[in-house]
Amino acid sequence: MGVITAISTWLIPSFLLIVLITATWKKIPAYELFVEGGKEGVKLAFSLLPFLVGMLVSISILRSSGALEALINFISPLLMLIGVPPDIVPLALVRPISGNAALGVTSELIATHGPDSFIGRLASTMQGSTDTTLYILTVYFGAVGIKKMRYAVKVGLLADLVGIIVSIIIVTLIFG
Amino acid sequence: MVNVIWMFMAIVGIVYAMFNGTMEEVNKALFESANEAVKLSIGLISILVFWLGIMKIAEEAGILKVLTRLLRPVVVRIFPEIPKDHPALGYILSNFTANIFGLGNAATPLGIKAMEQMKELSGTDTASRSMITFLAINTAGLTIIPTTIISIRMQYHSVSPTEIVGTTIIATGISLISALLLDRFFYYRSTRRKK
């Protein structure tokens, strides 16, 4: 773990150093380029804003109304039939929709069941093994103004489903 | 489809609140989450400015080209539509690298840059094949070391906070492979439909 943390902390400054040394060597106006590139960043952040407001508001309506919880309670028995532990169902449903909510659910599961319990390990693996599909599609397609996403949503959500099933199988095999 | 999901979440939520007396919570959450989204976007400014600035220098200095050349054989196979020397490949690779090392902050601006390049290639507002493949990989996740989870496990006094790294890598790997397979499957289905 120590080595990995070290790599992660050293990576960005080292990359920065390489870029700047190369720029000096090639006599490139680094500062002007930085500012030029940075300007795009400002524009980008503002063009993303409406996409994020729209998506987060819609998700929060579903959550705050209690409908998401009701949906989870409704689906749980069905999932239990195929061997999904009921405690993990909320996480599985929330993971592709909201990264923050999923992190909240994971922390809660770890807090109540303990990090070294079956549920704790399963929640950890599930949280770590996929990314927030809806957020990624919103941000990336929104940023470049793509209106027709075609089959992207289907691929993303089906891959999430595979990730969830695989997590359950792997954790059962290794720690079960 | 995002349209449908978006409207579905809001409509179901509001109708549910009508019958369950949670309208007050919904009303509150509406404006709180809008505020949250604005904060998130504003928070992105610093990261986007920094990384797009640095990457502009890196691009100009030819560092992206070196990176692309090193890993080209693999990436060209995954993205057959992108020309071999196109800068899009450089950004795609930098995005993957950032993701693998758990640098989510850096990954987003690089990914957006990659999307921009791919849009230039396709020139429409319809998602291209390469874009969908790229996002399929991103949504499946490339994390090798789930740092956030490890730190949460530490907070709750796990005996072995990193023991889930192995299972996470296997789960990520399998969902990544299936994302690529699903992507191919839907792509070929969509081309067949056109004919």
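Even glycines carry a Cβ here, placed using N, Cα and C.
Owing to the predicted nature of the structure, the values given are computational and were not obtained by experimental measurement.
Listed in TrEMBL:
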type	residues	note
TRANSMEM	B:6-26	transmembrane segment
TRANSMEM	B:38-58	transmembrane segment
DOMAIN	B:43-152	domain 'Nucleoside transporter/FeoB GTPase Gate'
TRANSMEM	B:88-112	transmembrane segment
TRANSMEM	B:132-152	transmembrane segment
TRANSMEM	B:164-187	transmembrane segment
- Query: Mind checking how the domain 'Nucleoside transporter/FeoB GTPase Gate' (B:43-152) divides into helix, strand and coil residues in DSSP?
  - Reply: 85 helix, 1 strand, 24 coil
- Query: Any residues 6+ beyond the ends of the transmembrane segment (B:164-187) with a Cβ under 8 Å from its own?
  - Reply: 78, 129, 132-133, 136-137, 139-146, 149-150, 153
- Looking only at the domain 'Nucleoside transporter/FeoB GTPase Gate' (B:43-152), report the model's average pLDDT. 86
